[in-house]
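Enquirer: First, the structure itself, so that you have it in front of you.
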Amino acid sequence: MKSIAFAVFLVCSIAFASAELRCEHKELDIPKEWLDMVDPCINKMRAQIEEELKAAMQYMAMGAHFSKDTVNRPGFAKLFFDAASEEREHAIKLISYLLMRGELTSKVSSLIKRNLIPKTTSWANGVSALKDALRLEATVTKKIRDVIKVCEDNSAHYNDYHLVDYLTGDFLEEQYHGQRDLAGKVSTLEKLMEQHGELGEFLFDKKLL
Amino acid sequence: MIVSTSRINCTAKYGAIDGVEESLQTYVNHHFIRSFEYLLMATHYANYEKNRPGFEKLFRGLSDDTWKEGIELIQYITTRGGEMNFNLVSSEVTAEEVGDPNFELYELNSIAKALDIEKKLAMEAHKIHAEATRKNSKFHDPEISSHLEHEFMAKQRDIIRKLAGYTSDLSALLNTPDNSLALYLFDDYLQKQ
Ligand SMILES: [Fe+2]
């Protein structure tokens, strides 16, 4: 048995060695002229990827809170779990963009911090969570604007037209529509609660399903 | 008449959820940690130098799966009257952070890494299952053990087998004279899975 295990180990280590040999020996000669992103902009984009994932985990905590049996708001839970996965998709879209521009060929391992623990994990009611969500989106919007600012004008004096257009037309577009939607929900729910309190939240929750 | 609900237990808690709640919460956090790690591995394979869409697809799929399972596990904990705690991570998983872990790996190493991660997740499910099958009322909870069996263990068995098969194939293929072509063909195969 031991000798079999050793043989397997040997085969594995040979395979590993040959895989590494191949990779280390083959120097790629790909023109670099097309790589035109500048560091200040790249670093802002890298940081934004983690911001999106932080937002995802914050929404995850909201989803978890409203799933509790003592809170029992399945509509809110669904809204927030879906928002969590959407934020993760945003992070992946930013990654895909950098890859398309020839970036992320190194320092990939440090791109995302290990666990992004959400700051707030319980809410007094649905309205307060929706308000927190709206505030969260507003800070994300501000951060995307910061990325745009740096990618448009920076110490390297390089205006990254295409990325600025993508962030403006795609990301900001979604931010503003999402914020309007959340603000509308806060408004409707607050008005419902004014007259009907708990009943208002109960009814609103079922609307979200 | 005012009905007082304070004296009767109106929560969804029954059985031994309290006994395994922390283990389940930890398990959720491990899923999200793995999901991000798989995402980094997928990213590495998607850059123009590596350019292996098959490997990217494999790791992206694993990232998507662990993310989804994390959410479903939170929903399960709350179904059983529990709640989520995002702070709990096992000391073993925390220890991995020492010395800046590397997710930019060569092809065979990356699949071996995924196999290792999946085995760790499977063994953790076994551990929680063992807690829930102890024959004392504080821990015995057949609903939890059955949930783990049906929602996790069968899937984990299949992923582990698949990844182990990939390492066998890839080890054999890399021992052929043209490694580059072997990796290209294997990547192409992964892409079609
Ligand atoms: Fe976002």
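The backbone N, Cα and C atoms fix where each Cβ goes, and this holds for glycine too.
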Enquirer: For the Fe cation site that TrEMBL assigns to A:GLU87, A:HIS90, A:GLU137, A:GLN175, which of A:GLU52, A:GLU198, A:GLU201 is also named?
Expert: A:GLU52
Enquirer: Around the Fe cation site (A:GLU52, A:GLU87, A:HIS90, A:GLU137, A:GLN175), what further same-chain residues have their C-beta within 8 angstroms of the site's C-beta centre?
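Expert: The answer, listed by sequence position, is A:GLU51, A:ALA55, A:GLU86, A:VAL140, A:ILE144, A:PHE171, A:GLU174, A:GLY178.
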Enquirer: What are the sequence-distant neighbours of A:HIS90 (Fe cation binding site), meaning same chain, six or more residues apart, C-beta distance under 8 angstroms?
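Expert: A:GLU52, A:ALA55, A:PHE171 - these are the non-local Cβ neighbours of A:HIS90 (Fe cation binding site), listed in sequence order.
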Enquirer: When DSSP is mapped onto helix/strand/coil, what comes out for A:GLU87 (Fe cation binding site)?
Expert: helix
